[in-house]
Amino acid sequence: MGRYQKPGFWRSLTQAWRGMLYTWKTQGHLQFHVFAGIIVLFFAWWSEVSRFEWLILILAIGSVIGAEVMNTALEIVVDMVQPNFHPLAGMAKDVAAGAVLVTAIQAVVIGLVVFFPRLYRFAYQIF
Ligand SMILES: Nc1ncnc2c1ncn2[C@@H]1O[C@H](COP(=O)(O)OP(=O)(O)OP(=O)(O)O)[C@@H](O)[C@H]1O
């Protein structure tokens, strides 16, 4: 095993990007979250949300994506430390997946609070 050397700023960025790419390639959930986030941002632009709503929506999308990336990191560590079946290894993964679920529920609630009144008004005008 090579000696560890603390990387510089640009090298750290490259490594972080490599981690993101790995997560993107291996986790279908991340692809789904990014796709859903793009659709939400499109709707935000289309329905001309306020600056504050933009910030909240971006925070919500970033939280889900960040939690998914952290979840992937934990899965990698668990698989490295415990490649065999172990109840604690399974529980660690389940707890990390629970963190993603919390952020996803939060994002859905934020999306409803921001978009539901607009969709309601839109539907009201049409029907
Ligand atoms: N070593 C293990 N021992 C016991 N149970 C495990 C182990 N590895 C995984 N599991 C169980 O299988 C589930 C799925 O684990 P897996 O490693 O396939 O993650 P995943 O399908 O990529 O999860 P996610 O959908 O959260 O990204 C875990 O949530 C856990 O309940």
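Using the three backbone atoms N, Cα and C, a Cβ is placed for every residue, glycine included.
Nobody curates TrEMBL annotations by hand; they come from automatic prediction.
Record features, source TrEMBL:
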{"type": "TRANSMEM", "residues": "30-47", "note": "transmembrane segment"}
{"type": "BINDING", "residues": "W46, S47, E48, V49, E68", "note": "substrate binding site"}
{"type": "TRANSMEM", "residues": "54-76", "note": "transmembrane segment"}
{"type": "ACT_SITE", "residues": "E68", "note": "active site, proton acceptor"}
{"type": "BINDING", "residues": "E75, K93, D94", "note": "ATP binding site"}
{"type": "BINDING", "residues": "E75", "note": "divalent metal cation binding site"}
{"type": "TRANSMEM", "residues": "96-116", "note": "transmembrane segment"}
Those binding-site residues in E48, E68, E75, K93, D94 whose CB falls under 6 A of ligand 1, listed in sequence order: E75, K93, D94
Among E48, E68, E75, D94, which are binding-site residues, the residue with the most C-beta atoms within 10 angstroms of its C-beta: E68
Among E75, K93, D94, the record's ATP binders - longest CA distance, Å: 10
Per DSSP, three-state class assigned to V49 (substrate binding site): coil
Substrate site span - longest C-alpha distance across W46, S47, E48, V49, E68, in Å: 28
